[in-house]
Amino acid sequence: MTLTKQDFSAGLPPPSELGIAGMDSSRGKEKAVLESLAGGDPFGSVEPVKKPSGRLIMHSMAMLGREFCYAVEAAFVTPVLLSVGLPKSLYSLVWLISPILGFVLQPVVGSASDHCTSGWGKRRPYILALGIMMLLGMALYLNGDMMVSALIPERGKQRTWAIVITMLGVVLFDFAADFIDGPIKAYLFDVCSHQDKEKGLHYHALLTGLGGALGYLTGAMDWGNSVLGRFLGSEFQVMFIIAALVFLICLTVHLCSIPEAPLRDDSTETKLLLKVDGPSEYGSIESVNNGYLKPGYTFSLVDTPVQTRMTVKCLLKALLSMPSHYRCLCISHLIGWTAFLSNMLFFTDFMGQIVYHGNPYAPHNSTAYLTYERGVEIGCWGMCINAISSSLYSYLQKALLPCIGLKGLYFIGYLLFGIGTGFIGLFPKVYSTLALCSLFGVMSSTLYTVPFNLIAEYHREEEVRGNIQHSETGISEATGRGKGIDCAALTCMVQLAQIIVGVGLGFLVSAAGSVIVVVICASAVALTGCCFVAFFVRYVE
C-alpha cells in the first residue's frame with residue numbers, strides 16, 4: 001500500500017503530538033522490555049533480580065513430585081508387570097522404547113520450547129503437558145489390570161489387553177518423567193540470575209533426594225491390608241492415589257513459583273518502511289518538512305514474516321555444530337549416568353542373589369526364593385539410604401563449592417561412586433553394602449547439579465562475550481542454540497545411557513553368569529569418568 005503526501009498528511013496528528021506520541025510509545029516499549037528482563041526496574045540490569053529462597057524452593061517442588069513418582073515406579077512396576085503376565089521376552093522392550101523416543105525427541109522439544117510464544121511463558125506449557133502425561137501413564141500401569149477387568153468381560157482377551165495397557169502406561173510415564181527435567185531446568189535458567197541458578201540447582205537436588213526417600217518409604221508400607229487397600233481393592237490403587245496427589249500438589253506449586261515473561265511473537269510483525277525515490281544523504285534534514293516527509297519519500301506498510309522456529313535440518317546442524325566444551329560435557333554426563341544406572345537398575349537383584357544368596361527362579365514357597373525376596377526388601381532400604389544421602393550431600397555441596405569448585409565436586413562424585421561400587425563388588429556383605437549406599441547419593445546429587453551448573457557457566461560466558469544477541473529469547477545467533485536445546489541435549493544423555501545399559505548389561509550378565517559383573521562394570525565406568533571430567537571437561541574460571 002502506497003500513500004500520497006496528502007493522504008499521509010491528513011492521516012497524521014499535528015507534528016508536536018506525533019513527536020510526543022512516538023516518544024511515549026518508544027519509552028513504553030523500552031520500559032516493558034527492561035521490566036521483563038530486570039524484574040520491574042526500567043533502569044536496572046538485564047540480569048534478573050535476586051529471587052527469594054522460598055520461590056526457589058517452590059520451583060524445586062516439581063523435582064520432589066517427580067522423584068516420588070519415580071520411587072513408586074521402581075517399587076511397584078516389576079510386581080505389576082509380573083501380575084499381568086508379561087512374557088520375559090518383552091521386558092527389554094518395555095525399558096528400551098521410552099529412552100529411544102526420548103533420545104530422538106528431547107532436543108526437538110527443547111528447541112520448540114525455546115520458541116514457544118504462549119502468554120504463560122516458554123517452558124510452563126510444556127511442563128504442564130508432560131506432567132499430565134506422567135499422571136496418565138501412572139494411572140495406566142497401576143490400574144490397567146482393574147480397568148481391563150471392568151471394561152472387557154471376555155477373560156480370554158483380558159490378559160492380552162492388561163499387558164498392552166500396562167506396557168503403554170510404563171512407556172508413557174518414563175517418557176514424560178525423563179522429558180520433563182529439561183524444561184524444568186531451562187525454566188530455572190530463564191528466570192534466575194547466575195547466583196540463583198546455582199542455589200536453585202542445589203534445592204533441586206535436595207528435594208529430589210527427599211522425594212525419592214519419601215517415595216521408597218511410602219512404597220515399603222503394607223497398604224494392601226490397610227483400610228484404604230481394602231476399600232480401593234489393592235495396594236496398587238492406594239499408591240496411585242497417594243502418588244497422584246503428591247505430584248499434583250508439587251506441580252501446581254512449581255508452576256506458580258516464578259512468573260515467566262512471554263516470548264514476543266514476531267512471526268507476522270508489521271514493519272514501517274520508507275521508500276526513497278532518489279538518492280539522499282544519510283541524516284539530511286532536507287528529508288523532513290515541518291515534521292512530515294518530503295515528496296521524494298513514500299510510505300508503505302509491509303507484513304514481513306520473520307522465521308522464529310528451527311527446522312529439523314537447522315536443529316540437527318545446531319547439535320552437530322555444538323562447541324567442543326558442550327560436547328565433552330555431554331560425554332561426561334553420559335559416562336556418569338551409564339555407571340549410575342548400571343548399578344541402580346540391578347541393585348535390588350544384586351542384594352537378593354549375591355549378598356543374601358537367594359534364587360529368584362526357585363519355587364515361590366521355597367526358602368531360596370523367600371531369602372531372595374528378603375534381599376530385595378533390604379535393597380529397597382539401600383535405595384532409601386541413597387535418596388537421603390543425595391538430599392544431605394546437595395546441601396553440603398553449597399559449603400564445598402567455594403573450596404574445591406565445580407571441578408572438585410564433579411571429580412569427587414565420580415571417584416566416591418567408583419570406589420564404593422568397587423568395594424561392594426569385592427566384599428558383598430549386608431552392613432557394608434548398606435553403608436556404601438550413601439555414596440550412591442553423592443553421585444546422584446552430582447549428576448543432578450554439577451553438569452547444569454556448568455551449562456549455566458557456559459551461557460554466562462557467552463553472554464559476557466556478546467555471542468547471545470537476543471536476551472529475550474536466549475538464543476545464540478552464532479550457533480542457533482538456545483538454553484532449552486542445550487539442557488535437552490544434556491538430558492537426552494540419560495536416555496542414551498538407559499539404551500546402553502538395557503542392551504549391554506543383559507548380555508554381560510548372561511555371559512558372566514552372575515549379576516556381580518554389574519557393580520564391577522559400574523565401578524570401572526565411574527573411574528573412567530573421573531579421568532574424563534578431570535582432563536576433558538572445561539571449567540569456567
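The backbone N, Cα and C atoms fix where each Cβ goes, and this holds for glycine too.
The annotation transmembrane segment is assigned in TrEMBL to 68-86 (among others). Note on the transmembrane segment (68-86): residues 94, 134, 138, 141-142, 144-145, 159, 162-163, 166-167, 170, 173-174, 177, 211-216, 218-220, 236, 239, 243, 246-247, 250, 380, 383, 387 of its chain, located 6 or more positions outside it, place their CB under 8 angstroms from a CB of the stretch.
Feature annotation from TrEMBL assigns transmembrane segment to 92-113 (among others).
What TrEMBL lists as transmembrane segment is 125-142 (among others). Within its own chain, the transmembrane segment (125-142) has Cβ neighbours under 8 Å at 62, 66, 69, 72-73, 76-77, 80, 109, 112-113, 116, 118, 165-166, 168-177, 179-180, 183-184, 187, 236-237, 239-240, 243-244, 247-248, 251, 254-255, counting only residues six or more beyond its boundaries.
The transmembrane segment annotation in TrEMBL covers 162-180 (among others).
Taken from TrEMBL, the feature transmembrane segment applies to 201-218 (among others).
For 238-258 (among others), the entry in TrEMBL reads transmembrane segment. Remote same-chain residues near the transmembrane segment (238-258) are listed as 51, 55-56, 58-62, 64-66, 68-69, 72, 76, 124, 127-128, 131, 134-135, 138-139, 142-143, 184, 187, 191-192, 211, 214-215, 218-219, 223-224, 226, 228-229, 232 (criterion: CB distance under 8 Å, separation of at least six residues from the stretch ends).
Marked as transmembrane segment by TrEMBL: 334-356 (among others).
Outside the transmembrane segment (376-396), and at least 6 residues removed from its termini, the chain residues within Cβ reach (under 8 Å) are 67, 71, 74-75, 202-213, 215-217, 219-220, 344, 347-352, 355-356, 430, 433-434, 437-442, 444-445, 448-449. Residues or ranges marked as transmembrane segment by TrEMBL: 376-396 (among others).
Annotation source TrEMBL lists transmembrane segment at 408-427 (among others).
Cβ atoms under 8 Å from those of the transmembrane segment (433-455) belong to residues 185, 189, 197-198, 201-202, 204-205, 208-209, 326, 329, 332-333, 336-337, 339-340, 343-344, 351, 355, 378, 381-383, 385-394, 397, 406, 409-410, 412-414, 416-417, 419-421, 423-424, 483, 486-487, 490, 526, 537, 539-540 of the same chain, restricted to positions at least 6 beyond its ends. Residues annotated as transmembrane segment in TrEMBL: 433-455 (among others).
Positions annotated as transmembrane segment by TrEMBL: 487-509 (among others).
Among the features that TrEMBL reports, transmembrane segment is placed at 515-537 (among others).
When each of 201-218, 408-427, 487-509 is scored by its Cβ pairs under 8 Å to the transmembrane segment (334-356), the top-ranked stretch turns out to be 487-509. In terms of C-beta pairs under 8 Å, the stretch of 162-180, 201-218, 408-427, 487-509 lying closest in packing to the transmembrane segment (515-537) is 408-427. Long-range contacts of the transmembrane segment (408-427) within the same chain: residues 332, 336, 339-340, 343, 397, 400-401, 433, 436, 439-440, 442-443, 445-447, 449-451, 516, 519-520, 522-527, 529-530, 533-534, 537, each at least 6 residues beyond the stretch ends and with a Cβ under 8 Å from a Cβ of the stretch.
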